[in-house]
Amino acid sequence: MENSEGVKIESTVVTEEPLISALDIALFVVIITVAYFWYFKRDKQSSSSEKKPYTIQPSSLSSIEQTSNSSFIKKLKPTGRSLVVFYGSQTGTAEEFAGRIAKEGARYKMKGMVADPEECDMADLVEMKEIQKSLAIFCIATYGEGDPTDNAMDFYEWLQNGDADLEGLNYAVFGLGNKTYEHYNEIAIYIDQRLEELGATRVHEIGLGDDDANIEDDFVSWKEKLWESVCSHYGIEETGEESNIRQYKLVDCSEVLPERIFSGEISRLKSYENQRFPFDVKNPYLSKIAVNRELHKSGDRSCMHIEFDIDGSKMRYDTGDHVAVYPKNSSELVDKIGELLNADLDAVFSLLNTDEESSKKHPFPCPCTYRTALTYYLDITSNPRTHIMKELIEYASDPKDQEKLKLMASSIPEGKKEFHEWILRDNRNIVHILEDLPSVKPDLDHLCELLPRLQCRYYSISSSPKVYPKSIHITAVLVNYTTPTNRVNKGVATNLLAQLIPTNDELPQPTIPIYIRRSQFRLPPKSQTPIIMIGPGTGLAPFRGFIQERDYARKEGREIGEMVLYFGCRKKDEDFIYENELQEYVANGTLTKLHLAFSRDQPEKKYVTHLLEQNADELWNIIGEKSGHLYVCGDARSMAKDVHSIIVKVVMEKGQMTNSQALNYVKKMEQQKRYSADVWS
């Protein structure tokens with residue numbers, strides 16, 4: 001076009017046509033038109049960008065109100081508060097601990113508030129020094145491979161990238177982690193050190209809670225010493241007053257219209273009837289169960305292969321991701337609570353935060369019935385923590401029951417022992433406690449305030465989106481076990497899933513809320529890179545997706561690298577899951593080698609770790625000589641640790657390195673994402 005325009009212009013000169021031709025007029029009009037649209041588009045974008053921070057807010061607040069909402073300082077000052085407790089929580093435990101600390105502040109004349117760092121302008125920390133005897137406490141969990149929780153991500157990045165002057169800020173940190181994981185409490189440790197680097201004053205040493213042992217005991221022990229340090233630092237004394245003040249007040253909602261009552265939705269009312277993309281932790285997708293079949297061939301255990309239908313949802317996943325499943329409690333347990341407390345479970349109620357400044361108005365979606373709260377929102381199957389024992393004391397009419405609760409709520413050695421044995425070892429949940437202490441009759445609304453939120457369950461996705469773009473597969477073992485008190489405890493999610501069997505007729509298919517959680521557990525970018533996969537039991541799940549993806553690439557004509565799988569189970573004829581699939585992948589060349597360990601098919605136990613020790617040359621050939629990737633999925637407590645030790649030993653022997661050199665080599669593999677783990681305890 002430019003050439004043709006050039007020719008035309010050239011010809012106008014040669015033929016000496018009028019000074020202003022039709023073409024000149026046309027070009028002039030085009031230029032004016034472009035300038036006009038550019039100007040007004042820019043103006044519109046400018047206007048839009050000014051409005052953007054407000055249009056994404058859930059409510060139509062003015063800019064001033066919204067700034068105030070994110071400023072925790074503006075909530076502390078007018079209400080005479082000096083204590084703010086931030087939480088970084090993925091499962092709710094850190095948030096619960098934060099609430100307990102804020103509540104206890106009243107005993108030390110420190111009125112407190114709980115704050116979600118995601119909803120706060122954390123730059124306000126520089127202004128904490130303006131509040132007399134102020135204190136910021138951080139209850140921070142470490143999640144995944146040493147990552148901050150979703151709601152603490154922005155704060156973590158602010159600390160990393162910023163250089164705020166935090167002189168005058170007094171702080172303390174409690175971390176929530178698990179020692180079976182390599183990056184134990186990494187985020188809490190970083191925050192504790194970084195705050196000091198920025199000039200803040202540490203009032204009490206960091207506490208490190210271990211969820212693999214007894215994180216409740218770790219927290220209580222740290223908290224007691226924290227208050228001793230606080231009293232010493234500020235020159236204050238404990239008032240001695242107990243702080244059993246309700247955080248929420250009961251509101252009778254019997255007159256609320258049915259369409260305004262929550263019936264199990266996670267956040268938005270009627271969200272399951274009116275599904276809206278995107279789907280996430282607060283807005284799960286109600287997926288149909290397309291397939292639910294048994295994988296075990298015999299025996300008294302069950303392992304399910306389940307396929308969630310995501311056709312039409314716009315949801316996308318990558319091989320190695322996790323799917324979150326929102327469970328619900330069994331009606332049997334829920335009815336039992338109603339029976340024990342002589343309560344009307346179908347009464348409609350709401351719990352309203354007594355702290356008007358709090359961003360959290362309700363502990364769960366309200367209004368709803370007690371039945372809905374106990375079924376969808378509250379955890380009634382886990383072991384209650386000591387603060388619940390303490391709150392139940394006032395409801396015990398029998399002195400013996402009262403004394404037992406007082407002992408378990410105390411921090412003396414005898415009390416800790418009793419709590420450990422009666423609650424943790426005997427695996428009692430709130431239903432069992434109410435059964436075994438019959439005089440304890442708490443108000444149901446108070447119990448609903450005390451119980452933690454029911455959390456979603458995460459499963460490694462056992463399919464590849466290349467092969468199954470319209471469905472998500474999981475591999476789940478049914479959890480049922482007998483406790484020392486001869487009660488049968490059932491896994492909340494797996495027992496629900498076991499009941500969701502699709503039918504072949506036109507009846508509505510069973511559904512369950514899900515969403516996808518991204519993972520760093522990824523195949524190498526190049527399909528030619530060799531990999532070793534170690535996944536006994538359901539640890540095979542993500543590797544089924546890996547193999548499917550490589551098989552898809554092979555069928556497309558692409559070159560694929562070696563794929564070596566180590567799989568183990570109890571008995572070949574009982575729980576060798578996906579056997580036919582794996583043998584087919586070996587036959588067609590996708591799976592280079594399949595190493596199998598059946599622990600109970602011979603007198604001596606045989607595990608995948610034994611096979612790894614026997615195949616040191618193969619391991620080094622792939623991870624050392626060919627720079628391949630190694631993946632581990634399964635039990636973090638023993639298997640994953642043993643695998644790590646074996647890999648270090650192989651690197652030492654075959655790579656001719658010292659122990660420290662081998663450790664550094666494996667560490668570098670992890671940093672390069674050549675050694676990845678997807679493990680649980």
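Here the Cβ of each residue, glycine as well, is placed from N, Cα and C on the backbone.
Annotated features, as they stand in TrEMBL:
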type	residues	note
BINDING	89-94, 141-144, 176-185, D211	FMN binding site
BINDING	R301, T538, S599, R600, K605, K606, Y607, V608, T609, D642	NADP(+) binding site
BINDING	R457, Y458, Y459, S460, T475, A476, V477, Y481, G491, V492, A493, T494, W680	FAD binding site
DOMAIN	83-227	domain 'Flavodoxin-like'
DOMAIN	282-524	domain 'FAD-binding FR-type'
TRANSMEM	20-39	transmembrane segment
Cβ-based isolation winner (fewest other Cβ atoms within 10 Å) among the binding-site residues Y181, Y459, Y607: Y607
Secondary structure content, the domain 'Flavodoxin-like' (83-227) (per DSSP, counts of residues): 65 helix, 35 strand, 45 coil
Using Cα positions only, nearest of the binding-site residues to R457 (FAD binding site) (G144, N178, S599): G144
Pairwise CA distance, R301 (NADP(+) binding site) versus Y459 (FAD binding site), rounded so that it is a whole Å: 19
Listed in sequence order, residues with CB under 8 A of N178 (FMN binding site) and six or more positions away: Y184, D210, D211, D212, A636, S681
Integer Å distance between the CA atoms belonging to A493 (FAD binding site) and S89 (FMN binding site): 21
C-alpha spacing of G92 (FMN binding site) relative to G491 (FAD binding site), in angstrom: 19
Cα-nearest neighbour of G92 (FMN binding site) within the listed binding-site residues, Y459, T475, K605, Y607, T609: Y459
Spatial neighbours, same chain, of S599 (NADP(+) binding site) - Cβ under 8 Å, 6+ residues apart: G568, C569, R570, K605, K606, Y607
Nearest of the binding-site residues (Y459, V477, A493, T609, W680) to A141 (FMN binding site), judged by Cα-Cα distance: W680
Shortest C-alpha distance to A493 (FAD binding site) - which of the binding-site residues G144, Y181, T609: G144
